[in-house]
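Let me begin by presenting the structure, written as structure tokens, before commenting on it.
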Amino acid sequence: MTPITLHTLQQMKQKDEKFVCITAYDALFTQLFCEAGVEVILVGDSLGMVLQGHDSTIPVTMEDIIYHMQCVKRGNQGALLIADLPFMSYSSESQTLENSARLMRAGAHVIKLEGGAWIAESTRLLTERGIPVCAHMGLTPQSVNRLGGFRVQGRDPQQANTIIQEALMLEEYGASMLLLECIPAALALTISEKLTIPVIGIGAGKDVDGQIMVMHDVLGISPITPKFVKNFLAESKEGIPGAIKSYVAAVKDESFPSPEQSYN
Ligand code: KIV
């Protein structure tokens, strides 16, 4: 597969072609996802919940993400690889730069940080030094305690406006991508129309540029199933490869997520 770059995703956005993202944590699933046509793979701190059995992403360490990124890199066949900076690994400038460099050395092409205006300066610092940033807004799981649980964000107009303004600010500070988690579909549409960078959604409706799912959700083995999750394995006649191909096809033809799998 021709390697996917930020430029590829930018062109897809311009042509209104949806791209497909999924989380992965090891080499063989990564290979399978690439063969199914997935364009972007995230080594997410969701590994704390789906691999390690924690009830949040907070216990995940840099060493955890580095280890899984190294595994994913070995199985990669051209997907764009994003790595999460875990909880409290980007609280100062020097820590952000050093930890991002460690993830890039482990194989990441893009670094993902959770936050709004407060990560603008880090976004600028990283971008100026050649490290592309994916900003993660809306429901930011590392702040689950402050948010009072895994709840939909941006439902009241004031909060929605803050998300829009901060997304614009992060683009201005150099973010290369934006990920929106658990926000109303109409808000996600507004943001992806206002921004020139590719916008990925999870629980953000279908009108963003790409969709992402945690691989365990696609395979229907997560204990918690919010409304935006779909088990693609349930209807697959070709096991796991068939499930991933169906996920890819459903994102491309915009049948996933449906209105029932979105927030309004
Ligand atoms: O860590 C992760 O897997 C994520 C997804 C939920 C987007 O950030």
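Backbone N, Cα and C atoms are what each Cβ position is placed from, and that goes for glycine too.
Nobody curates TrEMBL annotations by hand; they come from automatic prediction.
Matching K15, K18, K112 to the 3-methyl-2-oxobutanoate binding residues that TrEMBL gives (D45, S46, D84) identifies K112. The recorded positions recorded for this entry are D45, D84, E181, and the Cα of D84 lies nearest to that of K112 (3-methyl-2-oxobutanoate binding site).
All protein chains shown were included, and the count of other CB atoms within 10 Å of the CB of S46 (3-methyl-2-oxobutanoate binding site) stands at 20.
Neighbour density around each Cβ, counted as other Cβ atoms within 10 Å, peaks among the recorded positions D45, D84, E181 at D84.
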